[in-house]
Amino acid sequence: MELAVEKTSIQDKVQKALGVNPQDAKLSLTFLVISFVAVFIGGFLGLFQGLNRAGLLELPAWFDYYQTLTMHGILFVLVFTTTFVVAYFYAGLSHTFGGLLPIVRKLGWTALFSMVIGVVMVASMVIAGEATVMYTFYPPMQASPWFYIGLVFLVLGIWIAAAGVFIQVGNWKKQNKGQRIPIFSYFATGVFVMLTFSSILVAVEVFALIFWAFGIKETINVIVSRTLFWGFGHTLVNIWYLSAASAWYVAIPKIIDGYRFSDSLTRLVVFLLVILNIPGGFHHQIIDPGITEGWKFVHVFMSLSIGFPSMMTAFAMFAVFEKTGRKKGGKGLLGWFKKLPWGDVRFLAPFIGMVAFIPGGAGGIAQTNNQLNQVVHNSLWVVGHFHLTVGVTVALTFFGVAYWLIPYLSKRQLTPQMNKLGIAQTIFWTLGMIFMSGAMHAVGLLGSPRRTSYSTYGDHATALGWEPYLIFLAIGGTFLIIGVVLMVYIAFNLMFLAPKGVTEFAIGEQDPNDAPSPMWLERWGLCIILLIAIVAMGYAMPLMEMINVPGSPPIRTW
Amino acid sequence: MKIHRAEEIWLIIGVAIIVLSMVITGYQAFAQGFAPPSGMEPIDPQKVDETEPFDNPGVFEVGENEYEVVMTLQAFSFTPNEIEIPAGATVHFTMTSKDVIHGIQIPGTNMNAMVMPGHVQKITETFDEPGEYLVICNEYCGTGHQLMSTTITVK
């Protein structure tokens, strides 16, 4: 045990002396450039939607509300998050294992090119007005076949990136038989296992759509497509969440100068999230026809079960904060709270992200219960919900990571001025989201629909009653766009302008008193078997009932 | 694997919340009949006009102050539209889509259902308060989606 600690500390010193591998840094930085360009464009598109919903801005016919919304969704949901996740995990693996294997680096670049080709195809179809179908692209609305082919390249990119991760981690495992894989690579493995398996579902859907869009297949099964999409879509959300959680468990303890939470329980959380996640997709279909009441009830459990590891995470985070605060001399019941580094944006931003997950998670639990879902389904409430969970929890955590990840890669430093600007960014972002998401929750309960451009429905009193709330979408959006501009500026400053220096990749150390984690948590084969079993339990029967529903021909309604 | 006593209590609370919400949701769904709309009957979306009952959409009295509304949804309208019913009426909606996926929602009530091509969707709502209820499509269905609405007048 002691020998192992010594070995890692020598390894750490070597890595510190050498710094980041320049070739690996280039790969991750390129992913991050794409990521923050997506934030910039997607952010402005979001502002335009907010202004439109508030009745202040009419969008032009050549790029209407629904094109704007489709692009906003694709840029944030598919591009920003995916490229950030790959950049972050590839950088972390390079750091953990002392550089990526040449084949893995090659796979990383191939993944990048595949994703870029995919995004360019998808985006140009949307701009051309050939794919105003939202990022969910539910058939029988039919986009240009090239839109779907673009999606194939995106999925291919994900698989190639995942292959790289598995090769890198597998190689280490082979050379270190019987050892636990380092904690950061444990999270990386979990994230990419989830990505691989969930994207199989959407790949099946997209292949069917391509044949249908080219006219080879006459009709498409609408409900099966929708079900496959959400098996992927909801897992994707939890992939970002697990990526954010990896920064909470692994990086934050380092930043606040404490120890990581129990290694066993950390690994258990990852294990549980990977196994339980995919069937959660059903809660997007609670008021769909074609799924029995019984299955919908079973799936309440499938969705809520994810709440359990989330509760574990909430406990773990505050336990780490309290322990660290007390170590620094915090006295009494809450004295430790004041000892946390509130002026450090690398802590403040992800901390607010965690706090946002309290109302975000609670709202999620509420709306997963069938009858409550019926009240808010497809209303702006749902949009408010995921702007809390994804827009605050995940986004602020990723931004918090960027403050040290980017200078680590660019061999620069986060200056006190940039730190201050980062704190301002965090405040603007948080206020913007409170206004916007708060108003969305409220007006959604009153029935205002999502994905709908400004409409008074012939000046109907009900719709006019929503207007005072919708103004806050514009106010929140304005705060947020300031946050977007600041964040993109900070990101590029840290890439190209900040003073040269050494920044560490933040990986917290294990508490010396922590017991080693049980070895069964290292058995990814077991994890994958359980994952497949849960997916089969959740999906096999409902899909059998759906498979014979008569299909639909392609339709274009925009 | 050692779990702190405080964490055990915390996780028991977590499990209790999950179990309690399952129990309430299950009780409401199966004992009180509030389960979400889950029409299981399939229909060929290309032959809606020729398939009963959608060959004759409309409002039909089926009992004492009880009505069936046979409705088709299509970009960007509801058929029939501008429905009138007496106060206190229980209305059984039987719906399908003739083209893309739509949703029907009546703000201020619990009526909210996805209406998809290939499926007959069913939902029941009782309208106790008189007034003009706004009916909207709440699933993006194309350029005119924000215009897809009608009213139900309860007298």
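For all residues, glycine too, the Cβ spot is worked out from N, Cα and C.
Since this is a predicted model, take the numbers as computed values, not measurements.
Feature list (source: TrEMBL):
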type     : residues  : note
DOMAIN   : A:26-498  : domain 'Cytochrome oxidase subunit I profile'
TRANSMEM : A:29-51   : transmembrane segment
TRANSMEM : A:71-91   : transmembrane segment
TRANSMEM : A:112-135 : transmembrane segment
TRANSMEM : A:147-171 : transmembrane segment
TRANSMEM : A:183-216 : transmembrane segment
TRANSMEM : A:228-252 : transmembrane segment
TRANSMEM : A:264-282 : transmembrane segment
TRANSMEM : A:347-366 : transmembrane segment
TRANSMEM : A:386-406 : transmembrane segment
TRANSMEM : A:427-449 : transmembrane segment
TRANSMEM : A:469-492 : transmembrane segment
TRANSMEM : A:524-544 : transmembrane segment
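Tallying C-beta pairs under 8 angstroms between the transmembrane segment (A:71-91) and each of A:183-216, A:386-406, A:427-449, A:469-492, A:524-544 places A:386-406 first. The transmembrane segment (A:524-544) makes no contact with the transmembrane segment (A:386-406), as judged by fewer than three Cβ pairs under 8 Å among residues 6 or more apart in sequence. For the domain 'Cytochrome oxidase subunit I profile' (A:26-498), the model's average pLDDT works out to 95.
Simply put, out of A:147-171, A:183-216, A:228-252, A:264-282, A:347-366, A:347-366 has the most Cβ pairs sitting under 8 Å from the transmembrane segment (A:386-406). When Cβ distances are compared across the two stretches, the transmembrane segment (A:228-252) makes contact with the transmembrane segment (A:347-366), since 3 or more pairs at least 6 residues apart fall below 8 angstroms. Nonlocal intrachain contacts for the transmembrane segment (A:147-171), taken as residues 6+ away from its ends with a CB within less than 8 angstroms of a stretch CB, comprise 78, 82, 86, 89-90, 93, 97, 100-101, 103-105, 107-108, 110-115, 117-122, 125-126, 130-131, 133, 137, 181, 185, 188-189, 192-193, 195-196, 199, 202-203, 206-207, 209-210, 213.
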